[in-house]
Amino acid sequence: MAKLLAISLLLAAFSAVLLSLAAPSLAGDPDMLQDICVADYKSLQGPLRLNGFPCKRPENVTADDFFSALLANPGNTGNAMGSSATAANVEKLPGLNTLGVSMARIDFAPWGVNPPHTHPRATEIIFVLEGSLDVGFVTTTNRLYARTVCKGEVFVFPRGLVHYQRNNGNSPAAVISAFNSQLPGTQAVAETLFGASPAVPTDVLARAFQIDGGLVEGIKSKFPPK
């Protein structure tokens, strides 16, 4: 009996160790199960749906499936925020499917802002190509970690936390972002709350921000639903 109890305890301890080792792998995209799995966008036109994209047949894969020039040119920063994000994710670069990585280029007009947002499926690291940025992220205890990053420097935004970037100079700036997800997702805080469809109830937002309903409606008018 004692021997069986000892074996049971040993198995339980072994299982706990295995789970602790496996836990970090759950923080990103699932591991790939073959060399390549180039996304087959056409298959999504049918009834099949799954977590990610189905694979092209290997005989239909070409080198172009792994290539993109999306990040070669600056984005258009002539908008209210003065910034533009160009993504090179699995929706634009099919060869990324199942690889668990993606990139983006973010361009800033002078004093432009990439407003507070989150990436629910990925940690982000930025490399500053040009200019100087004020950046920061807020933890779940509402602590802000912020500093200035300059050309050639990097900064990390932990997965799922609200963060922002702002060009702090009179000349354009640009960064390259890398993510540990093929499709990190982006939720802009203001647009998510004030531009949702159907709309988030005005009284909910009024109470949340402790402002009157008229002001909420005024803000909503600046974020028409897409």
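Residue numbering: from 1, along the chain as shown.
Using N, Cα and C of the backbone, Cβ positions are placed for all residues, glycine too.
No curator has checked TrEMBL annotations; they are predicted automatically.
TrEMBL has this to say about the protein:
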- N114, H119, E124: oxalate binding site (BINDING)
- H117, H119, E124, H163: Mn(2+) binding site (BINDING)
- C37-C55: disulfide bond (DISULFID)
- 70-217: domain 'Cupin type-1' (DOMAIN)
- 1-27: signal peptide (SIGNAL)
Legend entry - Lowest local Cβ density (other Cβ within 10 Å) among binding-site residues: H117, H119, H163: H117
Inset, instruction - Within 10 Å of the Cβ of C55 (disulfide bond), how many other Cβ atoms can you find? Include all protein chains, please. - result: 19
Legend entry - Other CB atoms within 10 A, centred on E124 (oxalate binding site): 23
Inset, instruction - Rounded to the nearest Å, what's the C-alpha distance separating H163 (Mn(2+) binding site) and C55 (disulfide bond)? Just drop the number here, would you? - result: 34
Legend entry - Which same-chain residues, if any, lie at least 6 apart from N114 (oxalate binding site) yet have Cβ under 8 Å of it: M81, S83, A85, I106, F108, Y164, Q165, R166
Inset, instruction - Looking only at the domain 'Cupin type-1' (70-217), report the model's average pLDDT. - result: 97
Inset, instruction - Give the number of CB atoms, excluding that of C37 (disulfide bond) itself, located within 10 Å of its CB. - result: 21
Legend entry - Other residues, Cβ within 8 Å of H117, H119, E124, H163 Cβ centroid (Mn(2+) site): T118, F137, F157, L161, V162, P184, T186
Legend entry - Distance, C55 (disulfide bond) to H119 (oxalate binding site) (CA atoms, angstrom): 25
